[in-house]
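K.L.:
Following this message is one structure expressed as structure tokens.
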């Protein structure tokens, strides 16, 4: 019995310690243990799409069904657009970690995000509570590669008014991660590849004196390489020029034009070549499952997965295309870029709004944020009671990184004043704690063996 328990515990510990976290240095990603440069080879993953919203990382059966196909493709990263922060994601994240797969997570849901129509009101305490609750849930996993604070919020002139609020969310997320004592997890923005806004957006989110308000990575949703295009007939060459001196990791957060199907994915050879590695760090193919937009690599029907020619072509391209050797000619940069000049196309203030006062208790690590998952309808909660009231004086103790609340099963969205500061449970997830437990079990086993 003791031996069986020991084996079970060793299996748990090995899984916890099975994958190195990814860090940012200069304009590249790096394996924190080996020191090797890390290139994103991945797919965008949201089975059901936005019309049938489900959390694929909370369903163990779905996760186990799909991870074998991730491995067959040879990918190392998935991007997930929405999760339910009331649920537990440990089993799936552990399954992915064992397969060597990282997750880039968008922290927003359809009704909990910065809106283009009223960015000021959607940036409120209840919204930030949802964001912070998602961070608490996923910061515990070493294979959480990073978080996106927004996706394609800026796509035309009127939407520029939302830019300062998205940047404020970046600041709040990074501040929350730091103050809670979590490891440094990259926070970024995923941009629509609209010619006139792609570069200024990238510069804007990576400029200014406050490094907490600057992104750590920038994703571009690009579909300019169609069929058997080239660096010049697509927009790849232009983007290489535009971002030659960009100081944080840049990658394609979506790519894979479907004007011609099956897609040949000939761009893979370019993306993972020395011609692009000085600026780009890989990308994510849109998308894993066939949805209404017809970009899928597989067809899902219940527990059944059927791969298509797109899947086979992508697999073949990944198999024959290796990453550049060494550091790939990365830019050893520090600090941000210059802010984009104002023009008739780009007219955005460099000042960003203050954090709603009701959210300060979370930023200061005094209260545990409570998520409400897909039931969070908070975009109009700027007038909610307590949204802009500093109630930090009501709290006396701080929450550490190794103390976190179990996922809430709350079914109703509470107002800003109805937060659960006392919902913290001491669930230890720090690798050092697991390591200490590991040594204790070894010592116990050794003692038993001597009897």
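The backbone N, Cα and C atoms fix where each Cβ goes, and this holds for glycine too.
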K.L.:
Check Swiss-Prot: it lists 81, 108, 109, 110, 111, 112, 113, 114, 115, 116, 286 as binding (1,3-beta-D-glucosyl)n 1. Then name which of 143, 151, 313 it lists for that same site.
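P.N.:
Between 143, 151, 313, Swiss-Prot records just one in the (1,3-beta-D-glucosyl)n 1 site with 81, 108, 109, 110, 111, 112, 113, 114, 115, 116, 286, namely 151.
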K.L.:
Select from 316-336, 337-357, 358-378 the stretch of residues annotated by Swiss-Prot as region 'Disordered'.
P.N.:
316-336
K.L.:
Need the DSSP three-state call for residue 347 (N-linked glycosylation site) to compare against my parser.
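P.N.:
The three-state answer is coil.
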K.L.:
Indicate the candidate from 152, 254 with the smallest number of other Cβ atoms within 10 Å of its Cβ, considering only these active-site residues.
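P.N.:
Comparing Cβ neighbour counts within 10 Å for the active-site residues 152, 254 gives 152.
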K.L.:
Nearest by CA distance to residue 109 ((1,3-beta-D-glucosyl)n 1 binding site): which of the recorded positions is it, out of 88, 152, 198, 347?
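P.N.:
Closest recorded candidate to residue 109 ((1,3-beta-D-glucosyl)n 1 binding site) by Cα: 152.
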K.L.:
Near residue 81 ((1,3-beta-D-glucosyl)n 1 binding site), how many other Cβ atoms are within 10 Å of its Cβ?
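P.N.:
Taking every protein chain into account, the count is 21.
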K.L.:
CA-CA, which of the recorded positions 81, 111, 151, 152, 347 lies nearest residue 198 ((1,3-beta-D-glucosyl)n 2 binding site)?
P.N.:
152
K.L.:
Around the C-beta of residue 111 ((1,3-beta-D-glucosyl)n 1 binding site), how many further C-beta atoms are within 10 angstroms, looking at every protein chain?
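P.N.:
Cβ-Cβ neighbours of residue 111 ((1,3-beta-D-glucosyl)n 1 binding site) within 10 Å number 18.
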K.L.:
Please identify, among the recorded positions 88, 111, 115, 347, 394, the one with the smallest Cα-Cα distance to residue 152 (active site, proton donor).
P.N.:
115
K.L.:
Between 115, 245, which of the recorded positions has the fewest other CB atoms within 10 angstroms in the structure shown?
P.N.:
245
